[in-house]
Amino acid sequence: MDENKTKPAGKCPVMHGGNTATGSSNTDWWPNALNLDILHQHDTKTNPLGSDFSYRDALKTLDVDALKKDLHALMTDSQEWWPADWGHYGGLMIRMAWHSAGTYRTADGRGGGGTGNQRFAPLNSWPDNVSLDKARRLLWPIKKKYGNKLSWADLIILAGNIAYESMGLKTFGFAFGREDIWHPEKDIYWGSEKEWLAKSTGRYGSDDRTTLENPLAAVQMGLIYVNPEGVDGNPDPLRTAQDMRVTFSRMAMNDEETVALTAGGHTVGKTHGNGDASLLGKAPEGTDVGEQGLGWHNPTGSGKGRYTVTSGLEGAWTTHPTQWDNGFFHMLLNHEWELKKSPAGAWQWEPVFIKEEDKPVDVEDPSIRYNPMMTDADMALKVDPEYRKISERFYQDQAYFSEVFARAWFKLTHRDMGPKTRYLGPDVPQEDLLWQDPVPAGRTDYDVDVVKARIAESSLSISELVATAWDSARTFRGSDMRGGANGARIRLAPQKDWVGNEPERLARVLVVLENIAAATGASVADTIVLAGNVGIEKAAKAAGVNITVPFAPGRGDTTDALTDVESFDVLEPIHDGYRNWLKKDYAVSPEELMLDRTQLMGLTAKEMTVLVGGLRVLGTNYGGTKHGVFTDREGALTNDFFANLTDMKYTWKPYRKDLYEIRDRKTGEVKWTATRLDLVFGSNSILRSYAEVYAQDDNKEKFVNDFVAAWVKVMNADRFDLAE
């Protein structure tokens with residue numbers, strides 16, 4: 001090889017055979033291209049444990065008592081490289097667990113502590129997560145010891161639980177079962193800002209703080225929920241109360257839970273701002289290899305202990321910050337407060353007057369005492385009328401406060417895990433909670449063939465059977481494991497009245513299916529899924545393919561009493577590319593919306609492609625529209641959608657916004673109409689490659705088989721009991 005070709009002057013003396021870091025990407029060249037990467041995250045290729053590893057099975061061998069004993073010991077085993085405040089790591093571990101679980105938001109179910117995502121960017125480097133890299137390193141010896149039996153996701157949350165227990169709180173319980181991911185999540189929208197802690201104005205439609213952009217549940221980029229100094233760093237407890245009410249509600253918390261969590265989180269530990277925050281080093285993701293993933297190097301003093309800088313606020317909230325008590329409310333409600341600046345220059349509230357013995361002691365020297373402090377969010381609990389009433393009640397009744405907090409903490413740390421059937425371990429509470437979306441156990445002792453025969457003999461069409469089953473199952477979100485066909489909530493409020501479920505058509509179909517369920521002993525939930533299966537089997541037969549759609553009985557029927565109507569509002573579909581429907585025009589393109597829904601359902605690009613092609617020819621479009629029904633054999637499960645989409649005898653002409661006519665190139669005759677959701681499978685190079693596979697003459701049966709496999713995946717997405 002000519003050395004002159006491999007060593008151009010001033011450039012890297014290596015031939016660039018791979019794009020590992022600095023080369024231009026497709027996104028750089030075509031920033032508006034459809035990003036299918038979000039459908040192919042967390043592939044087995046990135047998982048070092050291998051595709052045959054079962055965390056559920058590994059957990060069965062975990063010595064939980066020994067683990068908890070080790071965590072209790074860790075809390076007071078202060079390490080010189082990162083010493084514990086007052087000799088107790090409780091406050092740090094609670095903040096780590098809180099900031100892991102607290103990223104959850106109800107709008108799309110994303111975020112939360114269910115995947116151990118705090119280990120990766122951007123969360124590992126958020127300004128609100130300063131020093132949590134140290135918390136995880138303190139846990140590493142325990143993770144190393146228990147290995148594959150214990151995920152990081154479970155350990156991070158459990159460490160917070162044990163921290164509270166070690167300081168005197170009786171917790172409500174704990175469930176294992178969170179599985180780790182192995183690279184950053186690509187599907188979560190954290191905001192459009194390009195600057196940490198940028199002014200919040202870009203997230204709001206007006207000065208009204210309730211207009212926070214959906215699906216966000218934090219007021220600024222890089223914060224977990226609200227700014228502790230006040231709105232955009234300007235102290236005003238009443239305005240901050242507005243932010244709290246919005247952000248906590250988007251984490252599924254009511255006013256009482258909000259007060260409990262805020263006060264309970266600040267009953268222990270302290271804030272850190274005894275230094276110059278501008279001197280902190282780079283966040284973990286941007287550090288040199290020699291730092292080994294530890295960030296925010298602090299050159300002030302020892303850079304740790306009393307010199308630690310995190311939020312910039314400085315001080316403890318209570319007199320005894322390593323014990324669970326009612327000290328927070330005692331301090332907040334019995335003192336007058338004034339604004340001060342911390343040593344780091346952050347706004348905080350300090351008492352106008354306080355007895356010396358009521359001040360918390362220094363983290364290193366108990367002979368030194370400092371003023372306690374309150375954040376603007378803490379002061380909101382005192383000045384907001386509703387929060388104040390709740391705070392007064394908690395102050396008067398420590399036992400009640402402890403109970404409400406323990407339940408709210410359990411909800412915060414488990415909300416993203418889905419139904420109780422996913423909970424593992426010896427400390428799972430027996431009580432069923434409404435926010436867990438309970439579903440009674442279903443029956444398996446009925447005759448499935450009899451149910452299918454009754455459905456086949458009914459007056460319901462293939463499109464009605466398939467569309468109803470699809471609508472029942474499509475609500476599933478792999479983000480927080482909510483929704484799905486189990487429970488048959490499609491027959492209850494609010495789902496029965498959702499516009500996207502075509503209430504009139506749905507009611508007509510449900511009457512028939514509910515009667516069949518009652519006559520055969522099957523649950524309505526199972527009957528709805530079987531209805532879809534029967535429709536598909538009929539359609540496949542019409543296409544010349546005999547196939548039995550796999551089915552697992554056992555879905556239960558839930559009730560109105562077991563359904564929190566308000567909490568299900570966030571699951572209402574406002575679009576469904578699979579049924580070629582948009583409730584209205586949105587700023588985001590229809591194909592991007594379909595991609596988002598596909599990711600939430602846990603489907604791949606190939607599965608999305610085959611499902612759309614199949615559902616189109618089955619005539620399941622919303623309202624019976626004919627857009628994208630590229631077939632003369634509607635109701636037969638053929639590959640006609642793909643064959644005709646890729647046929648160059650046709651041309652595609654727009655005739656209205658986002659609508660197209662498919663015309664014969666020679667005659668100009670309009671053959672079909674289409675939406676962007678149809679044509680994207682021919683225009684996007686990746687999706688077209690899948691469409692071409694299914695359009696091939698030798699893949700007609702493969703198309704049916706792949707459609708059925710993807711269909712069953714959707715129908716069983718919420719059958720966590722099958723994993724057992």
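Glycine is no exception: its Cβ is also placed from the backbone N, Cα and C atoms.
Per Swiss-Prot, the features are:
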REGION    1-20  region 'Disordered'
SITE      ARG95  site 'Transition state stabilizer'
ACT_SITE  HIS99  active site, proton acceptor
BINDING   HIS266  heme b binding site
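Comparing Cβ neighbour counts within 10 Å across the recorded positions ARG95, HIS99, HIS266, the minimum falls on HIS99. The two recorded residues ARG95 (site 'Transition state stabilizer') and the residue listed as 'heme b binding site' have their Cα atoms spaced 10 Å from each other.
Here the residue listed as 'active site, proton acceptor' is positioned 13 angstrom away from HIS266 (heme b binding site), judged by their C-alpha atoms.
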